[in-house]
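Asks: Quick one: structure below, then a few questions.
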Amino acid sequence: MELVAVKEGLARILVPKAERIYDAPVFYNPVMSLNRDISVLAVKVLGPKRVLDALSATGIRGIRYALETPAEEVWLNDISEEAYGLMKKNASLNIDGELYEEGDRSYLWGEKLVVINKGDANRLMAENFRYFDFLDLDPFGSPVEFLDTALRSVRRNGVLAVTATDTGVLCGAYRNACLRKYLAEPIRGPLCHEAGLRILIGTVVRYAAKYDLGVEVLLAYHRDHYFRAFLKLKSGAKKADKSLSQLGFLWADKSGRFEYRRGFLPDKPGASGPLWLGPLKDESFVEELLESARDHPLAHKKTLSFLQLISEELDVPFHYDTHTLARACSLTPPKLDVIIQRLRELGHSATKTHFSPTSVKTDAPFGVVAEVMKNV
C-alpha cells in the first residue's frame with residue numbers, strides 16, 4: 001500500500017495513494033474536511049472527556065479530536081486490519097507518547113490517552129455501556145445498523161453525532177430502501193434534502209425512545225453527499241415522549257405548496273414521514289461554534305461561511321423553492337434577495353437556507369409568498 005502525506009487541521013497523516021478515493025484500501029475523503037471541521041468545533045465547545053470515533057479508517061477524525069480539542073480520552077476503531085495499522089502509524093505521527101499493544105488494541109499514552117481498536121463497531125459500543133460523552137458515527141451509507149448500540153454506549157446527557165451518506169435513499173430515489181431502513185416514506189423534489197435530514201433525525205428519535213431517551217438537536221444540516229446531526233441524549237420516559245411528540249408528516253405538491261402536521265399517524269393520503277418537525281439547531285450552540293471557528297485552524301475554506309449561513313437561517317420546517325413557484329405561476333424567478341426583502345417589509349421573517357440556493361425560509365403562508373413572487 002503506497003502512502004502519501006496530507007494535512008488537515010493540525011493533523012498530518014498518511015493516506016493510501018489511489019486514483020479514486022473509493023478504490024483505496026483504507027478510505028479517506030478530503031471533501032469531508034468541512035464535516036470534520038464542524039465536528040472538531042463541536043467537541044471543542046462541548047468539552048467531553050471521552051470520545052469515540054467508531055468507524056475511523058485512516059484515523060483522521062479521532063486524531064483531530066485528540067489534537068484540537070480538550071478531550072482527555074479518544075478512541076479510534078475500525079474492523080479492517082489495514083486501517084488498524086494505518087491508525088497506529090498516524091496516531092504515532094501526531095501524538096507524543098509511548099504506544100503499548102495488547103492483542104487487537106493499542107494504547108498511546110501521553111498528555112492524553114488515545115485508544116486504537118481493531119474490531120466490530122457494534123461489539124465495541126455494546127461492551128462500553130454508557131461510557132462515552134461524545135460518540136461519532138460516520139459510516140459509509142446508512143447509520144441505522146449502529147444506532148441501537150451507539151445510543152446505549154453514550155452517557156447520560158452525552159452527544160451522538162451521526163452522519164448518513166445514503167442521500168439517494170433518504171431523498172426518495174430508492175423509496176423501498178428508505179421504507180426498509182428508516183421505516184419512513186421519503187419525498188422527491190425540492191424539499192427532499194430537508195425531508196431526508198428530518199427522516200434521519202426522526203429515526204434516531206424512535207430508536208432512542210425504546211430506551212427512554214429523549215433527543216435534543218444541537219445542530220443538523222445537509223451538505224454535499226451527506227446528512228449530519230449532533231444530538232444530545234436526555235434520559236427519562238417523559239423526555240422520550242416529548243421528542244416523539246415532535247414527529248409528524250409532510251405533504252407537498254408540484255406548485256411548491258406544502259403543509260405538515262405533528263402526529264403518530266398521517267391523517268390523509270400522500271404523506272411523507274414520519275419525520276422530525278422540531279428545531280434543527282440550538283442557536284446558542286451554533287453561535288459558540290462560530291465564535292470558536294474564527295480562531296481555529298480550519299481545514300476547509302468554506303466552513304466559516306457555511307456556519308454563518310446556518311446561524312442566520314430561520315429555523316422553521318421546510319422552505320419555498322422560488323424556481324418551483326415561478327414555474328407554477330408562469331413567471332421568471334425574481335432575485336432571492338428581493339423576495340426576502342419584500343417578505344420582511346410585510347412583517348414576516350425570511351432568510352436564505354443552506355438546503356437550496358434558490359429557496360427561502362419564511363413564516364409567511366404560501367399565498368403571501370406566491371403573491372410576492374408575482375409582484376416584485
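Glycine is no exception: its Cβ is also placed from the backbone N, Cα and C atoms.
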Asks: Kindly point out which candidate in Arg36, Arg50, Arg105 is recorded by Swiss-Prot as part of the S-adenosyl-L-methionine site with Arg61, Asp78, Asp120, Ala121.
Replies: Arg36
Asks: Who sits close to Arg36 (S-adenosyl-L-methionine binding site): which same-chain residues at least 6 apart have their Cβ under 8 Å from its Cβ?
Replies: Glu8, Gly9, Ile60, Arg61, Arg64, Ala299
Asks: Are there any residues in the same chain, six or more apart in sequence, whose C-beta is under 8 angstroms from the C-beta of Ala121 (S-adenosyl-L-methionine binding site), and if so which?
Replies: Ala54, Leu55, Asn77, Ile79, Phe146, Thr149
Asks: Counting Cβ atoms within 10 Å across all protein chains shown, which of the binding-site residues Asp78, Asp120 comes out on top?
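Replies: The residue with the most neighbouring Cβ atoms within 10 Å is Asp78.
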Asks: Across the domain 'Trm1 methyltransferase' (4-373), what does the pLDDT come to on average, as a whole number?
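Replies: Reported value for the domain 'Trm1 methyltransferase' (4-373) is a mean pLDDT of 96.
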Asks: Max Cα-Cα distance in Å among Arg36, Arg61, Asp78, Asp120, Ala121, the residues listed as binding S-adenosyl-L-methionine?
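Replies: Greatest Cα-Cα span of the listed binding residues: 22 Å.
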